[in-house]
Amino acid sequence: SLVQFEKMIKEETGKNAVPFYAFYGCYCGWGGRGRPKDATDRCCIVHDCCYEKLVKCNTKWDFYRYSLRSGYFQCGKGTWCEQQICECDRVAAECLRRSLSTYRYGKMIYPDSRCREPSETC
């Protein structure tokens, strides 16, 4: 669920998902278009694409179990959808951590008008 993804982001990056990622670049937050602006934005388009593959799952609201062991997230047992959603969120949260060095506060609330390039496909 988005609540768990938000928690993973905080645990991985030390930043709250809102406001630091909810409106970042062209792809973080709801929807997206154009080209990703940097590594952080690329994490978000990859996450969007991961969710797109789970067409029969309720990606935003399905609750899943996970734990943090030795600094790594482990997705718990659950339905196929719950496990896949957890994996999408886990990979994205870890990607956001790896991208912290290139995070730019100037892209934190990025105007849609700057996302006009042709959109990337999954």
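Glycine residues also receive a Cβ, built from the backbone N, Cα and C atoms like all the rest.
The shown structure was predicted, so the numbers you read here are calculated from the model rather than taken from an experiment.
Marked as disulfide bond by Swiss-Prot on the basis of similarity to another entry: Cys26-Cys115, Cys28-Cys44, Cys43-Cys95, Cys49-Cys122, Cys50-Cys88, Cys57-Cys81, Cys75-Cys86. Annotation comment: Swiss-Prot describes Tyr27, Gly29, Gly31, Asp48 as Ca(2+) binding site, evidence class similarity to another entry. Annotation comment: Swiss-Prot describes His47, Asp89 as active site.
A map of Swiss-Prot features onto the structure.
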{"residue": "Tyr27", "record": "Ca(2+) binding site", "DSSP (3 states)": "coil"}
{"residue": "Cys44", "record": "disulfide bond", "DSSP (3 states)": "helix"}
{"residue": "Cys49", "record": "disulfide bond", "DSSP (3 states)": "helix"}
{"residue": "Cys81", "record": "disulfide bond", "DSSP (3 states)": "helix"}
{"residue": "Cys86", "record": "disulfide bond", "DSSP (3 states)": "helix"}
{"residue": "Cys95", "record": "disulfide bond", "DSSP (3 states)": "helix"}
{"residue": "Cys122", "record": "disulfide bond", "DSSP (3 states)": "coil"}
What is the total of other Cβ atoms whose distance to the Cβ of Cys75 (disulfide bond) is within 10 Å?
18
Per DSSP, three-state class assigned to Cys57 (disulfide bond):
coil
Cβ neighbour count (within 10 Å, all chains shown) around Gly29 (Ca(2+) binding site):
17
Tell me, which recorded positions from Tyr27, Cys43, His47, Cys49, Cys50 are within 10 Å of Cys115 (disulfide bond) if we use the C-alpha atoms?
Tyr27
Any idea what DSSP makes of Cys115 (disulfide bond), helix, strand or coil?
coil
Around the Ca(2+) site recorded as Tyr27, Gly29, Gly31, Asp48, what other same-chain residues have a C-beta within 8 angstroms of the site's C-beta center?
Cys26, Cys28, Trp30, Gly32, Cys44, Ile45
